[in-house]
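Record features, source Swiss-Prot:
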- His112, His114, Glu119, His160: Mn(2+) binding site (BINDING)
- Cys34-Cys49: disulfide bond (DISULFID)
- 64-215: domain 'Cupin type-1' (DOMAIN)
- Asn54: N-linked glycosylation site (CARBOHYD)
- Asn79: N-linked glycosylation site (CARBOHYD)
- 1-24: signal peptide (SIGNAL)
Amino acid sequence: MASSSFSFLLVAALLGLASWKAIASDPSPLQDFCVADLNSPVRVNGFVCKNPMNASADDFFKAAMLDKPRDTNNKVGSNVTLVNVLQLPGLNTLGISIARLDFAPLGLNPPHTHPRATEIFTVLEGTLYVGFVTSNPDNRLLSKVLNKGDVFVFPEGLIHFQFNPNPHKPAVAIAALSSQNPGVITIANAVFGSNPPISDDILMKAFQVDKKIIDLLQAQF
């Protein structure tokens, strides 16, 4: 009887683990492919499939020109070119997307998170200082200087950043993300540029600064 109970608990635990794993990332495909029907009025977790008989090679192709430099003339000096399911419908249900990241000298991809994806990141040109911060209560910063050909991984959901420390040369990187639609939350934009704005009282208490500083920060976004 004890042995049977243990076996039942073991099976239940394994099933629970398998179920957790199944919902921890994009759902696994149940067919060869599921090209997203971006025009369908049906709303599901992801996108409904177009008729597979109407699929063509173009559904799995995007002339994204990821070999071409992007404009980094902005406040932070960086540009992210993402190819996800919205640009490439064939990615639907496949659990992956790709991005090119361009950095001006001293350019920054500000602290942000991807709520639905782990990111693996490799430098193609230049040098980048990258890092992520662990969750509460430790909030440890794990960081590294990457050179051409180096690879770094950012765990799903954790705040991370990339910065070009070179004042004279640009940098380029490619990232792959473990979701067809990884999402991005840029921390400063979300906190100080939300719509409608977060109450000054909340931000003043959270950051332990006065209203003048909060107003200054909100004005940037």
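Cβ from N, Cα, C; glycine included.
Using a 10 Å Cβ-Cβ cutoff, Asn79 (N-linked glycosylation site) registers 18 neighbours. Model confidence over the domain 'Cupin type-1' (64-215) stands at 97, taken as the mean pLDDT rounded to a whole number. The Cβ neighbour count for Cys49 (disulfide bond), using a 10 Å radius over every protein chain in view, is 19. Cβ atoms within 8 Å of the centroid of the Cβ atoms of His112, His114, Glu119, His160 (the Mn(2+) site) belong to the same-chain residues Thr113, Ala117, Phe132, Phe154, Leu158, Ile159, Pro182, Val184, site residues excluded. Sequence-distant neighbours of His114 (Mn(2+) binding site) (same chain, 6+ residues apart, CB-CB distance under 8 A): Phe154, Glu156, Gly157, Leu177, Ser179, Pro182, Gly183, Val184, Ile185. Contacts of Glu119 (Mn(2+) binding site) defined by a Cβ separation under 8 A and a same-chain sequence distance of 6+ are given as Val153, Phe154, His160, Ala175, Ala176, Leu177, Ser178, Pro182, in order along the sequence.
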